[in-house]
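J.: Mind looking over this structure? Questions follow.
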Amino acid sequence: YRKSSSQEPELYSPASPGPQQEPISTYFEEKVPIPEDDMTKVLFSFRKLWAFTGPGFLMSIAYLDPGNIESDLQSGARAGFKLLWVLLGATIIGLLLQRLAARLGVVTGMHLAEVCNRHYPTVPRIILWLMVELAIIGSDMQEVIGCAIALNLLSVGRIPLWAGVLITIIDTFVFLFLDKYGLRKLEAFFGFLITIMALSFGYEYVRVAPDQAEVLKGMFLPYCSGCGPTQLEQAVGIVGAVIMPHNIYLHSALVKSRDINRANKKEVKEANKYYFIESSIALFISFLINVFVVAVFAEAFYGKTNMEVSLQCNETGSAHSKLFPANNETLEVDIYKGGVVLGCFFGPAALYIWAIGILAAGQSSTMTGTYSGQFVMEGFLNLRWSRFARVLLTRSIAIFPTLLVAVFQDVQHLTGMNDFLNVLQSMQLPFALIPILTFTTLADSGVCTIGGGLLILVVCAINMYFVVVYVTALNSTVLYVFSALLSIAYLSFVCYLVWRCLIALGVSRLDFRGSVQYPPAVLMDEQPEFDS
């Protein structure tokens, strides 16, 4: 939006890089109607909140994917309760960024990929699309592998990793077509999966019974006494796992599934309010589930050695006792080993319930990841394919590298791959955060603009630190040289996006040739109707 001469906001449609000018239709053909209320008398309506409930919970699933669960359990095993405050802070930052994404979709009627299509020239737009696709592929690999690991645990090793990958891909196709029976039924199914995760990891929490005082202390007291490089890397990893680039694109598209009259300023303000409330509730639930996982491993396995775990598994007759070497090194766990050690210490039920939770996390997140891929491909490339063709293509992009990993990697040794995929997603984060800041400029609120910019700068810096730590640990001159060359190209493109962002923020002197079109930004001016 921009101000017209009459001081009323009007929709700003900049020159498009292509001939297409109408917003690309949302993936969901159905739009959920919003019940009418007299807003002069009713400040809050549960009926309306229920109508807006759905997109935020689908978005929150990315905070509960197998990559996040693994980050949680490693945080608890390596740092105890000391990094819960980092998880809380990262979730709050995620909520603020998701608020920007939802507001962009509500006000402009276009999701982030569509807006990028209209604003950026062809070559940068294609590069941006490729970077986001890389993030989606990396996330999708973690999610599909997580499902395969869960199936392996549930079948006591009878279902190999590659078979679990194929099962996950096939059943994802089945579940994705649930929206043919109604969008609300699809959202209810995702709510069911979140409930399974809450019950599964909640059972582990009750079974282990962590010290509640330590949980609260770790959550609200920002400290980390006795922490070293390992704990610092884990803290950085938490931020990187929680704030995922493709999720920004996803949320900005999901909010288009509600029937909102964007010409009515009160409806826009109301939608922004209810979406923010819904996202807050959804992320609060996801935060609690993440806390369950961190606290379980902090209470039961912080400071444990491989020898202790190996002896316990031998005593209980576990089939996985050889998984842990008989040495005094600190226990290293992932989502596979995490289930095993729960089974050794708290019985087979703990192992199977853990696997059910991981399966629900992986299945739900791989479905929303597929939606992300479709929105991104539609928006950046303006594709007009059938639903089945889009699903098939976006699934195929991730299926082959995932199958290769499943065939050539042992289920017991996937931590290295997980670290690499986390680094890959961390590197793609600027390609979501810089555009969302560019297109949600606050026209007359310099404090908010600077605050948003600094927040995004801090998140990007944290993730870049994580990347640098990972690369320096490789101890390979060839990889160092390759990384240096790649970094030059990478930073050049990031600087280009920052340059466009600064021009959108009003630093017009940087537009040397006057060739940059201002984006269709969500400019929140002094009118109270838009201060939501």
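Using N, Cα and C of the backbone, Cβ positions are placed for all residues, glycine too.
What you see is a predicted model, and the numbers here were worked out from it, not measured in a lab.
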J.: TrEMBL lists transmembrane segment for one of the ranges 372-390, 429-447, 505-523; which is that range?
T.: 429-447
J.: Which range is it, out of 115-134, 235-254, that shows up in TrEMBL as transmembrane segment?
T.: 235-254
J.: Taking a Cβ cut-off under 8 Å, which residues six or more beyond the ends of the transmembrane segment (84-106) line up next to it in the same chain?
T.: 55-56, 59, 63, 72, 75, 112, 115, 215, 218-223, 235, 238-239, 242-243, 247-249, 251-256, 260, 262, 268, 271-272, 275-276, 279-280, 283, 286-287, 290-291, 294-295, 433, 436-437, 439-440, 452, 455-456, 459, 522, 532
J.: Pairs of Cβ atoms less than 8 Å apart decide it: which stretch in 159-177, 235-254, 275-298, 479-499 has the most with the transmembrane segment (189-206)?
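T.: The listed stretch sharing the most Cβ pairs with the transmembrane segment (189-206) is 275-298.
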J.: Are the transmembrane segment (159-177) and the transmembrane segment (454-473) near each other by the rule of at least 3 C-beta pairs under 8 angstroms (pairs 6 or more apart)?
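T.: Per Cβ check, the transmembrane segment (454-473) does not touch the transmembrane segment (159-177).
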